[in-house]
Amino acid sequence: MDSKKRTCVKECKNTGVIGSNIISHCQSQENDSTSAGSSWYTQEPLYMQWKHQSCMSDCRYYCMIRREEERQLGGLSPVKYHGKWPFKRVSVFQEPLSAALSALNLLTHFIGWLSFFLQVNYRLPLRPQTKRTYYEYTGLWHIYAILSLNAWFWSTIFHTRDIDLTEKLDYSSAVAQLGYSLILTLLRTFNVKDEAGRVMFAAPILAFVTTHILYLNFYELDYGWNMKVCVAMGVVHIVAWTTWAVVTHHPSRFKVWIVIFGGALAMLLEVYDFPPYKGYADAHSLWHASTIPLTYLWWTFVRDDAEFRTSTLVKKVTQAE
């Protein structure tokens with residue numbers, strides 16, 4: 001934060017006025033909910049804290065906007081403030097485009113999972129004795145859906161209100177979902193069906209992912225290290241599914257190719273960061289947009305895989321009889 005913005009924030013906290021903006025809950029510096037030692041009756045209401053419209057946060061936001069306008073008039077490009085690009089708020093949404101696209105990803109995953117659930121339980125034949133699905137990976141895909149829904153839920157909340165708690169929940173949920181996806185990828189591409197084999201694949205990845213999440217939450221939220229870990233897991237995803245798509249004769253392998261190619265291009269948006277266009281669309285929000293069609297196509301592949309495996313197993317049972 002440069003000296004001009006620092007001075008602006010200090011004056012804003014003292015006066016509650018910045019330009020034409022009057023911050024009603026910034027009556028005095030002591031009333032800021034972040035002030036140490038303040039009494040409970042001088043702090044802001046909980047709903048104001050949740051909306052993250054404290055004296056300090058609003059002063060930082062409006063001073064950032066004013067400073068960026070000054071830089072723009074001087075022909076300078078946007079810079080990050082407190083590690084974040086200068087986004088323009090819309091109502092209560094701090095990053096409106098990313099929040100909206102995260103919500104659409106959440107909806108897409110829910111629709112995909114619901115269609116998969118209905119297919120394996122009501123449209124495909126069940127095992128006569130146990131009434132369970134023939135598809136060996138049904139339970140694993142259900143867990144994948146739950147973790148995906150959780151990750152995109154917290155992504156929506158985080159892009160709506162960027163505070164320490166929502167940031168950690170977003171990063172932790174994303175890493176958990178990515179780590180589990182890696183486990184599921186290896187189990188499906190290597191066609192691991194027995195419980196002992198699945199545990200051997202899952203145990204080291206679970207241990208690493210758990211350690212990484214604990215590191216982010218209780219030691220240091222290292223953005224650079226977290227990006228490297230996520231990219232590494234993403235590369236293993238791509239290599240595993242690419243190899244599987246090459247050697248398999250699966251009727252829907254072309255969908256895997258599309259998701260692999262699209263996912264690789266989308267990953268570049270996470271690596272290549274650029275300022276938000278018009279204060280709204282940055283590389284991260286475009287990545288959110290790219291994952292929506294890929295998610296829809298991915299769930300259609302999962303349904304195809306369930307149908308293909310069920311058909312194969314039913315034929316084997318019929319032939320054995």
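Every residue gets a Cβ built from N, Cα and C, even glycine.
TrEMBL has this to say about the protein:
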TRANSMEM  97-118  transmembrane segment
TRANSMEM  139-157  transmembrane segment
TRANSMEM  169-187  transmembrane segment
TRANSMEM  199-219  transmembrane segment
TRANSMEM  225-247  transmembrane segment
TRANSMEM  254-272  transmembrane segment
TRANSMEM  284-302  transmembrane segment
Best-contacting stretch, by C-beta pairs under 8 Å, relative to the transmembrane segment (225-247) and drawn from 97-118, 199-219, 254-272, 284-302: 254-272
Region pair the transmembrane segment (97-118) / the transmembrane segment (284-302), three or more CB pairs under 8 Å: yes
Sequence-remote partners of the transmembrane segment (139-157) [C-beta within less than 8 Å, at least six residues beyond its ends]: 98-99, 102-103, 105-106, 109-110, 112-113, 116-117, 166, 169-170, 173-174, 176-177, 180-181, 184, 187-188, 288, 302
Positions on the same chain near the transmembrane segment (254-272), where near means CB under 8 A and six or more residues out: 227, 230-231, 234, 237-238, 241-242, 244-245, 283-284, 286-287, 290-291, 293-294, 297-298, 300-301, 304
